[in-house]
Amino acid sequence: MVKKSIVLIGFMGVGKTTVGKEIARKLNRNFVDIDHVIEREFNMPTTEIFKEYGEETFRKKEKELIKRYTQHRKLVISVGGGAFLQEEVKYLCLSSAVVVFLNISWDTWKDRIYFLTRTRPNLQGKSIEEIKQLFIERQPIYKDHHIKIDTDNLNIGEAAYKVINALGTI
Ligand SMILES: Nc1ncnc2c1ncn2[C@@H]1O[C@H](COP(=O)(O)OP(=O)(O)OP(=O)(O)O)[C@@H](O)[C@H]1O
Ligand SMILES: O=C(O)C1=C[C@@H](O)[C@@H](O)[C@H](O)C1
Ligand SMILES: [Mg+2]
């Protein structure tokens, strides 16, 4: 098994946090969720950070933390859905970790929307058409990765298993 850290990327709600936790449990590694670390540092939910300080401040902190955690080996790191908007973050992850893109189709994703809008500021106040547009616009930022896993029709355990299997092949 690779000794590098594993970084999970993909659109909001694809399962980076839930699948990441399961991968870490199965591999007996520590799990770091960058969104959660940011919330802990600001002592407020992401929606409040966006409102109080703006997205730019959130992104700055996100980059700083990703820089810190990608220096470690053997972690499972779930980064936010927008982390790869920053070229430097993308470079840091691709050069020091194994980047796993969790992929999902729009048809599967749209059934999850009700679990997500309350806690994801970039989905709030948007119509379903606008969210679909964002989903499409975001796809190019995930195109640089080491492993791609299609998660449609997989439950959380199955998705984690598929990632671990794929890690064994590189
Ligand atoms: N494979 C799956 N099958 C069914 N439900 C799933 C699956 N993966 C995740 N979910 C559910 O989708 C929701 C969003 O998952 P999660 O929070 O892990 O996404 P995320 O990629 O970390 O999102 P974000 O980028 O916004 O942090 C949760 O309610 C989770 O239980
Ligand atoms: O895709 C995004 O822009 C975001 C995704 C979440 O993981 C959080 O990082 C935050 O809500 C922003
Ligand atoms: Mg998450």
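Quick reminder: no glycine exception, Cβ is built from N, Cα and C everywhere.
Automated prediction, rather than curation, is the source of TrEMBL annotations.
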Additional site residue, ASP35, ASP150, ASP152 [criterion: listed by TrEMBL with ARG59, GLY81, ARG138 for substrate]: ASP35
Other same-chain residues whose Cβ falls within 8 Å of the Cβ centroid of ASP35, ARG59, GLY81, ARG138, the recorded substrate site, in sequence order: MET12, GLU62, VAL79, GLY80, GLY82, ALA83, PHE84, LEU85, ASN122
Contacting binding-site residues for ligand 3, chosen from GLY13, VAL14, GLY15, THR18, ARG59, GLY81 when the Cβ sits under 6 angstroms of any of its atoms: none
Candidates ARG59, GLY81, ARG138 (binding-site residues) - the one closest to GLY13 (ATP binding site) by CA: GLY81
Cβ-based neighbourhood (8 Å from the centroid) of the ATP site, residues GLY13, VAL14, GLY15, LYS16, THR17, THR18, ARG120 excluded: GLY10, MET12, VAL19, SER78, GLY81, LEU102
